[in-house]
Amino acid sequence: MSKRPLIVIGGSSERSQETMGAFQEFPQVEACRLYSKFSAQPSSIEAIPTIIEKAVRCSIYGRPGACYVDIPADFVNLQVNVNSVKYVECCMPPPVSMAETSAVQLAASVIRNAKQPLLIIGKGAAYAHAEEGIRKLVEQCKLPFLPTPMGKGVIPDNHPNCVRAARSRALQFADVIVLFGARLNWILHFGLPPRYRPDVKFIQIDICAEELGNNVRPSLTLLGDINAVTKQLLEQFDKTPWQYPPESQWWKTLREKMKSNEAASKELASKKSPLMNYYTVFFCVQEQLPRDCIVVSEGANTMDIGRTVLENYLPRHRLDAGTFGTMGVGLGFAIAAAVVVKARHLGQRVICVEGDSAFGFSGMEVETICRYNLPIVLLVVNNNGIYQGLDADTWNEMLNAGDATVVAPPSCFLPNLHYEQIMTAFGGKGYFVQTPEELQESLKQSLADTTKPSLINIMIETQAMRKAQDFQWLTRSNM
């Protein structure tokens with residue numbers, strides 16, 4: 001679903017026991033075929049290299065994706081003559097495809113004539129390493145841009161042309177939207193009204209032909225590698241230089257909305273109460289995060305609010321729960337990222353931001369983190385439940401009314417759980433924090449200590465929520 005190159009090699013029961021009820025017998029190849037670009041079982045040991053080469057090729061050619069290779073149990077102990085193995089060379093790098101010149105020229109013309117343009121930078125742009133070209137296009141043409149969650153960092157979030165703080169307004173009123181490897185799925189509200197103008201023109205850039213026209217008929221399609229197509233667009237604007245007027249009403253509207261939204265977030269962050277809210281937590285964290293850190297995030301409000309406050313300055317430095325929104329992937333993502341960082345001696349820190357519910361899905365992976373002494377700082381934003389929980393007094397009062405299995409909401413957890421003790425149990429460092437000062441000090445210590453992983457258990461208001469959203473788009477006509 002996230003369209004990333006992945007090869008899964010799985011074991012299966014012996015071929016001689018097929019249909020006999022072998023241990024874990026299951027039609028794995030057929031089952032995986034629904035969810036992968038390529039799924040196969042080698043017919044013999046000699047054929048394994050050929051199958052692996054095709055799996056690699058399928059996973060990285062065109063739109064990347066997952067491939068499955070099934071290895072039967074009886075292959076493990078078989079012996080063959082080495083001369084009979086069908087060795088093949090690794091596939092060539094993926095071919096770089098370019099859009100039709102006439103389509104690129106027309107796209108440049110549509111952008112020039114836009115009254116309220118917007119670029120949306122998706123994870124396809126990050127995967128294509130198109131950051132240099134897209135940044136040049138944004139700065140040369142003075143265009144506003146909006147990153148998707150996994151497109152964050154292709155251009156730094158603190159870039160003056162980034163309008164993520166006015167996301168709803170930008171989407172709702174743009175008259176021309178250029179999609180750089182971004183899908184019009186649920187993350188972008190399917191490209192449909194009322195979140196968009198009925199007459200909005202989409203220019204869709206994607207490496208996958210089948211994606212062009214999903215949910216909305218685009219005005220223009222540019223089929224090709226994102227990096228290559230961006231350079232083609234730049235050539236058009238180099239031939240005939242053009243800039244979108246920085247003093248336009250559109251820029252004024254976006255900047256005003258950004259300013260008001262940022263002020264609202266800062267007001268929430270500075271709100272004085274016995275416990276912190278999400279904004280207080282993330283503003284404290286943002287102040288200390290290294291610019292080159294890798295941010296992993298999962299949860300409900302934790303992930304949604306965190307992506308609006310925690311900034312990314314480099315491409316491919318954010319791992320999100322993804323298109324499928326699967327809870328429990330965060331620690332696995334963090335472990336994978338930390339293994340790469342450690343193996344390549346990059347010296348970066350991996351910051352894994354978890355809601356307490358999300359952490360519960362795979363919290364015991366803390367043992368894996370400690371076993372390999374990985375450079376991970378885990379932040380568990382703890383509100384005693386899913387979306388909202390109960391404080392200790394309310395919880396105890398509720399239990400007086402009857403048995404917990406009857407009276408306790410299933411979305412509420414035991415109050416004030418000490419998740420940090422899971423980390424200390426395995427030899428890492430754990431912190432239980434309740435104030436901004438405690439959070440800042442514990443994060444400072446965790447980042448400074450590169451000898452062992454840390455977990456900071458951050459208590460927040462049980463009823464903390466995101467800031468009020470602007471739902472005026474439901475009734476407003478087009479700008």
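The backbone N, Cα and C atoms fix where each Cβ goes, glycine too.
Going by TrEMBL, these are the annotated features:
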type     : residues : note
DOMAIN   : 105-233  : domain 'Thiamine pyrophosphate enzyme central'
DOMAIN   : 304-458  : domain 'Thiamine pyrophosphate enzyme TPP-binding'
TRANSMEM : 321-341  : transmembrane segment
Contact set, same chain, for the transmembrane segment (321-341): CB under 8 Å, 6 or more residues outside the stretch: 1-2, 150, 183, 185, 187, 294, 296-299, 303, 347-350, 352-354, 357-359, 361-363, 365-366, 368-369, 372, 374-376, 378
Composition by DSSP (helix, strand, coil) of residues within the domain 'Thiamine pyrophosphate enzyme central' (105-233): 54 helix, 24 strand, 51 coil
Within the predicted model, mean pLDDT of the domain 'Thiamine pyrophosphate enzyme central' (105-233): 97
